[in-house]
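Scroll down for the structure; my scribbles are underneath it.
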Amino acid sequence: MASTTFNMKFFALLMSSFAIIQMAIAGDPGILTDFIVPPNVTNIDGNFFTFTGMRALLGGFPTVFRVTKASLAEFLALNGESVSYAVLEFPAGTINPPHTHPRASELLFLTQGTLQVGFVDTTNKLFNKTLQMGDIFVFPKGLAHFQYNDDVKFPAIAISAFGSANAGAVSLPNTLFTTGIDDNVLAKSFKTDFATIKALKAGLAPEP
C-alpha cells in the first residue's frame, strides 16, 4: 500500500512538473540556437546585444504620458528571447488608457510617485490598487488594464517587463473610435446616440 501511495504521489508530482514547464514555455516560440541573427547582419559583437534607446529618458521629463519601449521592433537581439521592457512616464494627472497586451503578461514596478492601476477579468470583475513607490503589480495576459497618476502635483515613473519580445498593445479607445467601426454599431453597443459617438471620435486622433 505504501508503495502504491508513493507511486501515485510521484506521478502527480511528475504531471505537475510537466504543467509548470508548459506554462514556462507558453510564451514566444523556442529557438534551437543561442540567439537569432537577422539575415542582413554579418558582424555580431556586444553592440548587437546593447540597447541605447533608454538614454533618451535622461533628456528631461515629458509633459504628456510617454512610453519608451525595448521590444523586438526597437531591439533586434530580443528575437526569440521571450522578454521585453518599457519605461512609463506619467506627468501629474495623466493616464495610460485601458488597453491589452495579447501576447504577454505585464509585470509593472513603480519607481517614483504613486499610481492607480487595475485590470478586469473575464467575469467583468475589477481588480485595482493604489501603488506606492517600490510596489510591483502584475497584469495577466490579454486582460484589459490601465494605469493612472491621479496626483495633480507630482509625476510617476514605472518600469514594465513583458513575457514576450513582442507583447503587442491594443488601445481600447483608439481601437473602438479611430478604426472606422460603423457609428451605428458603436451607438448600439454603448447604448448611446450618434452625437456622443462623434464627440468621442473627435476627441481621439488615430495612432501613427
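Every residue number used here counts from 1 along the chain in the order it is shown.
Cβ atoms are placed via backbone N, Cα and C, with glycine included.
Per TrEMBL, the feature oxalate binding site maps to Asn96, His101, Glu106. Per TrEMBL, the feature Mn(2+) binding site maps to His99, His101, Glu106, His145. Marked as domain 'Cupin type-1' by TrEMBL: 55-198. Residues or ranges marked as signal peptide in TrEMBL: 1-26.
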| request: Tell me the residue counts in helix, strand and coil for the domain 'Cupin type-1' (55-198), as DSSP assigns them. | output: 26 helix, 54 strand, 64 coil
| field | Distance [Cα-Cα, Å, rounded] between Asn96 (oxalate binding site) and His145 (Mn(2+) binding site) | value | 9
| note | Ordered by sequence, the long-range same-chain Cβ contacts of His101 (oxalate binding site) under 8 Å (at least 6 apart) are Phe139, Lys141, Gly142, Phe162, Ser164, Ala167, Gly168, Ala169, Val170
| request: Around the recorded oxalate site, report the further residues of that chain (criterion: Cβ within 8 Å of the mean position of the Cβ atoms of Asn96, His101, Glu106; site residues excluded), sequence-ordered. | output: Ala86, His99, Thr100, Leu108, Phe139, His145, Gln147, Ser160, Phe162, Ala167, Ala169
| query | For His145 (Mn(2+) binding site), which residues in the same chain are close in space, meaning a Cβ under 8 Å from its Cβ, but six or more apart along the sequence? | reply | Pro98, His99, Thr100, Glu106, Val117, Gly118, Phe119, Val120, Phe139
| query | Taking every residue in the domain 'Cupin type-1' (55-198), what is their average pLDDT? | reply | 96
| request: Rank the binding-site residues Asn96, His99, Glu106 by the number of other Cβ atoms within 10 Å of each Cβ and report the first-ranked residue. | output: Glu106
| Additional residues surrounding Mn(2+), by Cβ distance to the His99, His101, Glu106, His145 centre under 8 Å | Thr100, Phe119, Phe139, Leu143, Ala144, Ala167, Ala169
